[in-house]
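S.K.: For Asn65, Asp254, the entry in TrEMBL reads active site. Taken from TrEMBL, the feature compositional bias 'Basic and acidic residues' applies to 352-362. As annotated by TrEMBL, domain 'HotDog ACOT-type' applies to 49-167, 223-337. Under the heading region 'Disordered', TrEMBL lists 338-379.
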Amino acid sequence: MKLLARALRLGPFGRLAASRKLGAGQELAEPAGRCWASIRAFRTQRPHLGSPPTHPRIMRPDDANVAGNVHGGTILKMIEEAGAIISTRHCNSQNGERCVAALARVERTDFLSPMCIGEVAHVSAEITYTSKHSVEVQVNVLSENILTGAKKLTNKATLWYVPLSLKNVDKVLEVPPVVYSRQEQEEEGRKRYEAQKLERMETKWRNGDIVQPVLNPEPNTVSYSQSSLIHLVGPSDCTLHGFVHGGVTMKLMDEVAGIVAARHCKTNIVTASVDAINFHDKIRKGCVITISGRMTFTSNKSMEIEVLVDADPVVDNSQKRYRAASAFFTYVSLSQEGKPLPVPQLVPETEDEKRRFEEGKGRYLQMKAKRQGQAEPQP
């Protein structure tokens, strides 16, 4: 919230050129007149697509999970903050009604490598496509060992934002277009936009699905590990509109998914990926939100967990409880030495659990085939 407010107060800095050190004898120059951002981002007068610089943040002990690495939810929150800043600045780059960019969807986010406490996180974001009412932002996270200078890519994510008017939260404004360096960039972005739009519509059928508690469940069943967290939305959780910041919701979802994974395998666990977080509706300050997670599928070394977020406007009798967000998280089990361990196989009991298991298996096989295709050498 504070970072986003600071970003909105910063004025234009004109045409800037910057450089940053990458390693011994290497320097990357940043071109002037391009639109780029990090956790603290600058804004140019004419939005172009280009390579973004990064802003460092050291990872401290309060960022750690129980295994001693940086909490996946902390990384997701940093990713969303960077995306919110660059998209909000872009949407206010022209004269007109002022707005703030609200998170609508997070595409699949891969956790490529764990980040350790004491390392420096470099979060960068760039706008890769704009439609009439939405902005696509690509965010990369690199970790740096400040003792050796070694850097590695830890996370890649794609986020979609929509500009909401500061005067009327239900009014979606138009997005200023960006200038593409190649015509193919616009065409590829349009295909991604249509694909995510279709997937968002397909997820709405799940909105009536709820997680019910079961007494005395058997180990390795869905009921045994399913978990819920209840959170009262306060001012520190919210954006300028008085609605929950997307990064806050993502971190709570990751926490619940982690609890489900740990209960199932009873070992150290880490987030491997997040598959498309969809934000179906806004969550207002003062709401009580229930974040529920349940195991849907297990492979030999990974677990898929579905996380659902329901909002209950307890101070507003005119509105009923509603589904606010949903996503699938993938976790892996690790030994004390940090090596992958076999995962206890899930035992689906009901017809719905068996159906969700088969759907999860389909997503797992589809992603596995995609990774194998990317790993094959190009002719």
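Glycine too: its Cβ is placed from the backbone N, Cα and C atoms.
Note that the structure is predicted; figures quoted are calculated from it, not measured.
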S.K.: Does Asp254 (active site) have same-chain partners at least 6 apart in sequence with Cβ under 8 Å from its own Cβ, and which are they?
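M.R.: Once residues fewer than 6 apart are set aside, Asp254 (active site) is near His71, Gly72, Gly73, Leu76, Thr271, Val274, Phe329.
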S.K.: For the compositional bias 'Basic and acidic residues' (352-362), could you work out the same-chain residues 6 or more beyond its ends whose Cβ comes under 8 Å from its Cβ atoms?
M.R.: 222, 296-297, 304, 306, 328, 346
S.K.: Using DSSP, what is the helix/strand/coil residue split across the domain 'HotDog ACOT-type' (223-337)?
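M.R.: DSSP classes over the domain 'HotDog ACOT-type' (223-337) add up to 26 helix, 56 strand, 33 coil.
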S.K.: Within 10 Å of the Cβ of Asn65 (active site), how many other Cβ atoms can you find? Include all protein chains, please.
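M.R.: The answer is 21.
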